[in-house]
Structures are given as C-alpha cells and as structure tokens.
C-alpha cells in the first residue's frame, strides 16, 4: 500500500507542477488566444490529476480535511470552465442537469467543510475549513442565483471564468506553499494566498469592466 501511495503522490506532484506552470501561462497570455486556450486545457488536465490523486490519498490516509478541500479547489476550476458554456444567462439561459450536479455536489461538500471546521478544537485547520466553507457556500449561492436573477452585464461569463480559474490557481499556490514553506506562520501560508488572490481577481475584473464599458461607449 505504501508503494501505491508513493506512486499516487508522485503523480499528484506532477499534476501540481503542470498546473502551476500552465496556469501562469494562461494568465499571462492573451485571453481567448491560441496559447491561452492550449495552456488553459493543460491547466485543467493538471488540476484534474491533482483532484483525483488527492481523493485517493485522502481515502488511503483517512484525511477528511484533504478530501473536502480537494472538492473546494476543483469546484473553482469546474465553475470557471462551465462559465464558458453559460454565455446566454443574461438572455434567460436555463439551468441544465450539469449545473444542478455541479452546484449540488459543491454545496454538500462546502457545508461538510464548514461543519467540520465548527466541530472540535479551534486549530488552524478548523479555522481554514470555516473560511473555505463559508466562501464556498457563498460562491455556490451566487452561481445558482444567476439562473433566477439574470446578470445585467453581457460579459458576466467572462468575469465568472476569471474568478473560477483564478480561485483554482489560488488553491494550487496555497497547496504549494503549505508543503514547501516553513519559515512563515501557518495562518499566512493558508490564508495569505486567498486574501491576495481575491484582491488581484477583483482588480482584474474591475479593469476589464472599465475596458468593456469604454468600448461600448465608443461604439455608441
């Protein structure tokens, strides 16, 4: 069993390395361009490898926290990718079984993550679980809400794509820092990337909103 675990861990590390590299390349290349799409697909592949191997390791070692955090991270990727197929929400695009499945599974694991954090001692991992659980529940709620309250902006899907993929990349960086950084306090390693990442994502989305607004004004 130990040999199997070591093999799974090696594949997990390879997937993480692929995600870190291709994720950054997707971020820094022209959005919608050939290089962006290629690196984006490789990034999704790497994140899928991370997700599958993390579940395997969590089950082998009975690591409840790892299992739930894996779903939290992968949900960000899935919602970011799914946004590419929800470009007509502002025109009344309806929810499909795919959306029901994605949000239902995510909701269950986010609630479980929050519940796990609220039980037991107030350790760092419990606090992290509470923060991740609450933020995950908020994201699921906002995603479902879009099917009932139409987004006003035509580029809503683009912003969801950025926030989803960006959120997944934050999770990748966090995992890398947790494993490799020992000279910083644990709470900084766990919550620092989330805080900084959310600021960057919001600034990026705001910048694109101004850009799209300017283009629209010039076209009128």
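Glycine too: its Cβ is placed from the backbone N, Cα and C atoms.
Caution: TrEMBL annotation is automatic and unverified by curators.
Note that this is a predicted model, so its numbers are computed, not measured.
For reference, TrEMBL has these:
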type: TRANSMEM; residues: 6-28; note: transmembrane segment
type: TRANSMEM; residues: 40-60; note: transmembrane segment
type: TRANSMEM; residues: 97-118; note: transmembrane segment
type: TRANSMEM; residues: 124-144; note: transmembrane segment
type: TRANSMEM; residues: 156-181; note: transmembrane segment
type: TRANSMEM; residues: 187-206; note: transmembrane segment
Have the transmembrane segment (97-118) and the transmembrane segment (124-144) got at least three CB pairs under 8 Å, pairs 6 or more apart in sequence? yes
Take the transmembrane segment (187-206) and find every residue of the same chain, 6 or more past its ends, with a Cβ under 8 Å from one of its Cβ atoms. 124, 127-128, 131, 135, 159, 162-163, 166-167, 169-170, 173-174, 177-178, 181
